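As recorded in Swiss-Prot:
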- Lys9, Thr168, Asp169, Thr210, Gly211, Gly212, Met213, Lys214, Ser215, Lys216: ATP binding site (BINDING)
- Ser49, Asp136, Asn148: substrate binding site (BINDING)
- 276-350: domain 'PUA' (DOMAIN)
Amino acid sequence: MKKQRVVVKIGSSSLADSHGGISTEQLSDHVAALARLKEDGHEVVLITSGAVAAGFSALGYPSRPVTIKGKQAAAAVGQSLLMQAYTEEFRKYGIVTAQLLLTRSDFSRKEQYSNAYATLGELLNRSALPIINENDSISLEELTFGDNDMLSALVSGLVSADMLMIFTDVNGLYDKNPQKNADAKKYYFLPEVTEEISSLAGDAGSKLGTGGMKSKIDAAKTALSLGVSVFIGTGRGQEKFVDVLKGKGDGTYVGNAPQKEMKMNKQWIALHSLVSGQIEVDAGAATAIIQHGKSLLPAGVTNVLGFFQVGEVVEVVTQQGRVIGKGQCTYSAEELRDVKGMQSQDIQVRGERHSYEVIHRDHWVSL
């Protein structure tokens, strides 16, 4: 089997004991299976939940806290305990681990996003095993990923993974809740995440079973858009992750056909950047951008909405108001208002400008 880059997401339900804390037996089982992947020459990134579960009892909570301050306090204590447990287990296999704690703002800020990309690349080149969790102890509720499922999808795209494995306590996706319906049909393979599949998931306590299944389907859809194949399921034993790569996993495979990966810069624009304004374009410019892959030139701009600076991300809309994409603008809003509708040869050179493109195609994503 050829060397692959794999992101494995392990949720709290796959780590917890009967009291809601971390099961050392479960953790050891996961580490042994991850070590087998490394032994076979694969590159591995681990996305792990479990900080709250690892820390709540040490703070005297009788059960997992439900308040934000309680969860964040438990995560602050539990993250170091969780990382210590992983490090000690991986040391038995001679594997060096590295900890990365990420927040949503690390993805929305271009420089931090690029730094995360460079750091992960260097760690993998050095044969280390990055262990990533959301920085739950400081994350603002409105700025979180929502869960580690989406974090795992975004990381899998960032590192250009071949596969994302989302491990949970349910062995795949079903058309009904298998715990309540004996005739529930399991999906062994889905070529894509359709609206029908998304609607089956619904919200917590919906048709597909556990409350976390919707987030897993949303994560799968995001990963697929970034060119990463997905597995959602469960398993035990040292061979469980290797079996997934061999097509023998106990779960559902989603979109395992080869797809074109999205470059790091375009991932940031598409999924993480904050939009600072809008540019309205005529029909000819819209066709040139979408159908022919051209850059946006000032001649095609009909209106500029908002206030933005050079390098900030803007939406591009048609004259009917339909959003067709977004990209990094090489003009400020003030500059663009001065030159909109003008031919490139008629625009006076401003400062050190070497290009007249409003948005270069390398810094554009269609929506």
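Note: Cβ is positioned from N, Cα and C throughout, glycine not excepted.
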Exercise. Where DSSP helix means H, G or I and strand means E or B, what are the helix, strand and coil counts for the domain 'PUA' (276-350)?
Worked result: 23 helix, 24 strand, 28 coil
Problem set entry | Local Cβ density at Ser215 (ATP binding site) - other Cβ atoms counted within 10 Å | 21
Problem set entry | Residue from Lys9, Asp169, Met213 whose C-alpha is spatially nearest that of Asn148 (substrate binding site), among the binding-site residues | Lys9
Exercise. Rounded to an integer, what is the Cα-Cα distance in Å between Asp169 (ATP binding site) and Asp136 (substrate binding site)?
Worked result: 22
Exercise. So which binding-site residues are near Ser49 (substrate binding site), with CA atoms within 10 Å, out of Lys9, Met213, Ser215?
Worked result: Lys9
Problem set entry | Separation of alpha carbons, Lys9 (ATP binding site) and Asp136 (substrate binding site) (Å) | 16
Exercise. So how many other Cβ atoms are close to Met213 (ATP binding site), meaning within 10 Å of its Cβ?
Worked result: 25
